[in-house]
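Asker: Pasting the feature list from TrEMBL:
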{"type": "REGION", "residues": "A:1-26", "note": "region 'Disordered'"}
{"type": "COMPBIAS", "residues": "A:1-13", "note": "compositional bias 'Low complexity'"}
{"type": "COMPBIAS", "residues": "A:14-25", "note": "compositional bias 'Pro residues'"}
{"type": "REPEAT", "residues": "A:93-127", "note": "repeat 'PPR'"}
{"type": "REPEAT", "residues": "A:194-224", "note": "repeat 'PPR'"}
{"type": "REPEAT", "residues": "A:270-300", "note": "repeat 'PPR'"}
{"type": "REPEAT", "residues": "A:302-336", "note": "repeat 'PPR'"}
{"type": "DOMAIN", "residues": "A:517-609", "note": "domain 'DYW'"}
DNA sequence: ATAGGGTTAG
């Protein structure tokens, strides 16, 4: 390139009057150019070439500083290029190290940020106030817990830990790694907290399935506002986390209040907020509201909004509507993501549309160039398995290009339990024992399978090995929102102050059920082991307590919404159908995996779940 | 030049 430098600089000389001797370009001229030029790759390359031609030393830290910074600021950033420029500098400044770490932290491949930091340490360049926030962002993305803990320790030694920015980053980091207790420990000790601090800790709990802590912290945050401490007003980030927590709890009334607040403060135009609202309403079983938010989003609608509604419709048993929405999306020439397609396959599998599922799977690759991931293959296994084509589902697993994981085998085991396929079920179990031993849900599925084919000895053998292995079944609980509160019921719960009345109501329900010709099944063992501890009668399954309580406490004719952490057992499903008819109530139960809209003695899942 | 947000198969 050097040889051609004369020629390269000559094109301007072809134009008449040739300037006799242009001002000799200098390092500073290049730097000035880098700061003022249009921020495009082409412009930066041109300046880089110019620097080479005019023999500016490429190893000069000042040039590297500006060139690396400008390259890192591009999106997408040409990281290999930026890194090559960076590598040429023997003594980069802390600023340049930070720039490089940030570039990786914000890229899809944050791993090399660690290497840059290692080089920084080796070069004896001490970190400054910016280094750890960038580095922790990369480590949070990588969920590199050990490395992050080391950085935490270093920051305590060199004093950087006292900075709010570093503390915020640590809170975020621990939350992203799933260690919300550690996040909270850092949070607790912070003498100074700002909006980002609160958002980070609230999101940390929201990400890790702790919705109640989210609500508590939100209250604390807004209470502190009036008092002495901070000057924090919730923003869009805070409210998205809050809406997430409401969605998880199924707290529709609280979610609606948040919605009203959003309108009041003008945050409803924020597309992330809109998406969170769609998700909230869909996860609370209120499809009309989800649709309304979607329609009102206007230009704020993104592919995520479409995806959220597609998944939401599928979740609520409206697979046909989900697929119709996808067709509209295609007509509008929007480009679906791999998650959109996952939603579409999910819709097919929840509605038994096997052929549609295969068609979409093929189109996903052919038309959209999306490489199917294990999640997509998992959907296909579910699609076949649910439809009773269990052998085909097994062949599908055997032939899929990615290594089947525990979830895939669990899907097959579930299908085997549903369709009484003992041999394949035991084969799936054998793989699960290797891949994810001690998973209580797998014991439940296999036990159901044994019970379904009448192998009671095996049921008891499995039960014993479960006890011996210390495998604890997830206790079932149900949530129901009334007024401003979310009430939680566990199996056989007597802790509620109105326990007495609830159990009286259950008696009354049982009486009316018998009049309708319902007889509790004697093969309860199946249902029993499936979902709740077996000591207590089916009557006291957590959702029955919640339904009885809601019947007592809410106005006649109003819908009852229950959120359950496990799957509804067959007996409760039947009973809830009958209650919806006898008491003329719409009852919406959100299962571990789907919705059941009970109305007039029937369920939206068409008894297929 | 500093930190944070939504959708995902059982």
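The count begins at 1 with the first shown residue.
Even glycines carry a Cβ here, placed using N, Cα and C.
Could you give the neighbours, burial and distances for every feature on this list?
Answerer: The helix, strand and coil residue counts that DSSP assigns across the repeat 'PPR' (A:93-127) are 23 helix, 0 strand, 12 coil.
Counting only same-chain residues 6+ beyond the ends of the repeat 'PPR' (A:194-224), those with a CB under 8 A from a CB of the stretch are 164, 167-168, 171-172, 174-176, 178, 180, 183-184, 187, 230, 232-235, 237-238, 241-242, 244-246, 248-249, 251, 254.
Sequence-remote contacts of a segment are chain residues at least 6 beyond its ends whose Cβ falls under 8 Å from one of its Cβ atoms, and for the repeat 'PPR' (A:270-300) they are 236, 239-240, 243-244, 246-248, 250-252, 255, 259, 262, 306, 308-309, 311-313, 315-316, 318, 561, 588, 590, 595, 597.
Residue counts of the repeat 'PPR' (A:302-336) by helix, strand and coil are 26 helix, 0 strand, 9 coil (DSSP-based).
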Asker: Taking residues 6+ outside the repeat 'PPR' (A:302-336), which of them lie with a CB under 8 Å of any CB in it?
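Answerer: Counting only partners 6 or more residues beyond its ends, the repeat 'PPR' (A:302-336) has Cβ contacts under 8 Å with 271, 274-275, 278-279, 281-283, 285, 287, 290-291, 294, 343-344, 346-348, 350-351, 353, 356, 368, 370, 594-597, 604-606.
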Asker: Can you work out the mean pLDDT of the predicted model over the repeat 'PPR' (A:270-300)?
Answerer: 92
Asker: DSSP helix, strand and coil counts for the repeat 'PPR' (A:194-224)?
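Answerer: Split into helix, strand and coil, the repeat 'PPR' (A:194-224) gives 27 helix, 0 strand, 4 coil.
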